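Structure first, then comments.
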Amino acid sequence: MSGCGLFWRSVAARFCRAPAAFAVSRRPLLTSPPSRAFAKELFLGKIQKKEAFPFPEVSRDELNEINQFVGPVEKFFTEEVDSRKIDQEGKIPDETLEKLKSLGLFGMQVPEEYGGLGLSNTMYARLGEVIGLDASIAVTLAAHQAIGLKGIILAGSKEQKARYLPRLASGEHVAAFCLTEPASGSDAASIRTRATLSADKRHYVLNGSKVWITNGGLASVFTVFAKTEVVDSDGSVKDKITAFIVERDFGGVTNGKPEDKMGIRGSNTCEVHFENTRVPVENVLGEVGGGFKVAMNILNSGRFSMGSTVAGMLKKLIGMTAEYACTRKQFNRSLSEFGLIQEKFALMAQKAYVMESMAYLTAAMLDAPGFPDCSIETAMVKVFSSEGAWTCVSEALQVLGGSGYVRDHPYERFVRDSRILLIFEGTNEILRMYIALTGLQHAGRILTARVKELKRGNVTTIMETVGQRLRDSLGRTVDLGLTGKLGVVHPSLADGAHKLEENVYYFGRSVESLLLRFGKTIVEEQLVLKRVANVLINLYAMTAVLSRASRSIRLGLRDHDHEVLLANMFCSEAYHQNLFTLSQLDKHSPENLDELVKKVSQQILEKRAYICTHPLDRAS
Amino acid sequence: MSWAQAILVARGLSRGWGGVCSTALTGAPFSQVPPQAPRGLHCSAAAHNPDSSLVPRPPEPPRRPVKALAVHEELFRPALDGARDKANFVQAVQNFAEYNVHKRGHVDFIYLALRKMRQYGVERDLSVYNLLLDVFPKEVFRPRNIFHSIFLHYPRQQECGIAVLEQMENHGVMPNKETEFLLLQIFGRKSYPMLKLVRMKLWFTRFKNINPFPVPRDLPQDPVDLASLALRHMEPDLSARVTTYQMPLPKDSPDTMDPAETHIVGIQSPEQQSALARHDPARPIFVEGPFSLWLRDKCVYYHILRADLLPPEKREVEEIPEEWNLYYPMQLDLAYGRSSWDDYEFNIDEVEEGPVFAICVAGAHDQATLAKWIQGLQETNPALARIPVVFRLSGSSGELLASSDLEEPPPPPPEGQEEEDTQQRQQQGQS
């Protein structure tokens, strides 16, 4: 045991000692600088091929580095982390936390000059796969570094970084992100926590309480968002949000008892109260009054890792479930011989494959030089992977039947743990709005001129549009250049590529007509936005899968034929889903039940109850 | 009409039923049946106000042989302890059957019994109606051939049967299988009571739940409970809270006339509360009323606290703050809105009204009582202390005056009218 400890320390030490290696490896290969964000261009019916094809690779050296690092971590997670005990006791044991710290896992994305590992997003994603084996640990670590200390990395000054990051990276201090309040979820305007400048203008006095703070009980450094009075450029005084770095030692920081949660029970979630906490002005994160942007940036950057984390969990889950399905016998046949069981494995493998592809594609985009805006992509990864996790975990449990439902098996824990994925880091509903609206905003700006001409009744534009529609309705073959002689997609995936092209083209058309129809009032059409987001998620997933499978074939990676199967299966499925969704987006489409849905829900919500009479009721 | 009557008269004469004939001609109870007869199966009984029934009214019956009534009347003598309940009623009906084996005068008895039902509190009891129908002799009035069923066979009895069903209808009592079976036995399938029954069975179920805002059948007697029921009935927001600002003094206390002692019950929703908090203190708000609200047979008078509509130039445009939603944009930065061919809103000319901040039901409608309500409201609405409150109480409430109050000169209605008119003018001027 002590030997093991030594080994880890030596690994960690090696990583700390070898900043040079990482400095090189932080920039994975990417041939050209990004021109535009990939997802936004999809809204215009275009595929930005350079962004997604070929599937990003890491260099040999970098891969070796990752593998060397992943090995011991994986060993630690499979051999020493007792997820069941963590879940039952509702606490991660101290020695486990210590080992996580000694492995350097508390500072994965902290730059090396501040004592962190300085991992690129791709490597962070790779490690996430391992960490995802225990949801409580994954959430604790994510709360610490994906949001807790991210503010300091993104918006902190040099002094702040030097002061806080080393101890945070080593795990000596744990960070927490304090944004949510009883009255304020995603509504920033209703934040009640207030910071007032003291008379000597050297301190802010912080008052208020925050709820559902992961690591709230462990943390000693908090990123806190509070309202401050800011004098506007026109001289008026306004309440604006400011971000602060608050140490527990500043005084007046208390936390409630840990919440009793459904899943991720090992993570510490509690209320945090600030009472006359004196925060020095040097601890303002970013600008005074600029907290909103800081919060948004932190939230947007924290999401992409969920894809690989979930994929790692799913891969393990598939193995465990397959083991059961092949050994359990019914009617002298093993479960694996039944079609309905087989189907579940195909589904799980497909989801895992897709989310893995999306996660690594996005990670590579984020690693690209410059500051690429991949917030839509990360949100899509989060939505797809959280929902995939939920379905797959529940299907896996279904394979086990009754024995999956009891606590002897880990499946019920997986189900409980994975439910939170749909909720935190922005609920999937909210993220769908974000995905759709951000894209529509982009498309709307570009299409404005055209839409204006159409509205004004410019004959040429109208004729052009009508002609285009006519050609579309006659069933044109869409070719966006993914396949063919110099195509980026391998011929054996040509079918999927055509489907993607067709979907992308008609999605562009749909977006245009939606903007024409609704204009800026589309913000209110949440059901429409949901569909737009769903199509986009599918399109992005198809792209990622095609790109990855093409690469595998071309490089001749092991079992690439299996990947082709999964890719084709997913593309077909997503294609038909998209067709259906796009037809729902058409005006007067019979598939669209929005009006009915709205009526039903309105009536129910008016009465705040289920309305129908009991089937056994009589009129007389 | 005349045709039908002629037929009936002819039939009545031919059968030597002078009595029936005379009632038919004088038209009091019987005339209500003929309009139904010629229209036959296609139309239900003529529409008449809900209070009217086919049961002949007791003050009228000088035309009717009084002796028979008097005979049956004694069956309904109050019991020794003066109680009048279902058991007594049933006893009376059974006594009739016992006392009169040949069921002579059963039609008169049934009419009498129908009139008495309310006194015994059994007017909503299906079994009692069935018992009454059971008084009819069976098989006697069934049509025996096609001519019987074409012409009104035993009209007086059928009319009486219809009267029973009519009273059931008025009290919302749905006939059951037993009723149907009794009617079959008494009048046969092709008879008017049977037709009435079929129609009742068809329409009752359809009309029973037609009111989307149902009122409980038995209203609470306590004025406070009744008031809160009325308030809940008017307020669409389910989050609204009913507050009893003042409980009435017990009835036996000497000075119940003192308005300070009546009940004051109010309702206010959280939204109304916040709207009141946002209200510009420079603009007065008004207490208006009383307005009437009918709950079944009870009338409740209520007052509202309202403000005038803001003139358009003063209305705050609800703007979306820039940094509001942490996760997604609340508005798109686009130059164009919804296209006209995607605007499904009907062009409705809506009359905009000023906001209503609270409603109350009080026992008295004078300013002193309502001022107490406003005082009570101030506890939950501190903003109210700064806003001037104007009492606009119209004298003519339309309230029904008890006969004892008639000596007081009722407030001249034109005045109230004028007041309202001036108010309207003011509002128009302001808006």
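Positions of Cβ are set from backbone N, Cα and C atoms, glycine also.
Helix, strand and coil counts under DSSP for the domain 'Acyl-CoA dehydrogenase/oxidase N-terminal' (A:67-172) come to 79 helix, 0 strand, 27 coil. Per TrEMBL, domain 'Acyl-CoA dehydrogenase/oxidase N-terminal' is recorded for A:67-172.
Per TrEMBL, the feature domain 'Acyl-CoA oxidase/dehydrogenase middle' maps to A:176-276.
Per TrEMBL, the feature domain 'Acyl-CoA dehydrogenase/oxidase C-terminal' maps to A:289-436. Across the domain 'Acyl-CoA dehydrogenase/oxidase C-terminal' (A:289-436), DSSP assigns 117 helix, 4 strand, 27 coil.
The feature domain 'ACAD9/ACADV-like C-terminal' is assigned by TrEMBL to A:491-609.
Shown for the domain 'Acyl-CoA oxidase/dehydrogenase middle' (A:176-276): DSSP residue counts in helix, strand and coil, namely 6 helix, 55 strand, 40 coil. Secondary structure of the domain 'ACAD9/ACADV-like C-terminal' (A:491-609) per DSSP, as helix, strand and coil residue counts: 104 helix, 0 strand, 15 coil. Mean pLDDT for the domain 'Acyl-CoA dehydrogenase/oxidase N-terminal' (A:67-172) in this predicted model: 91.
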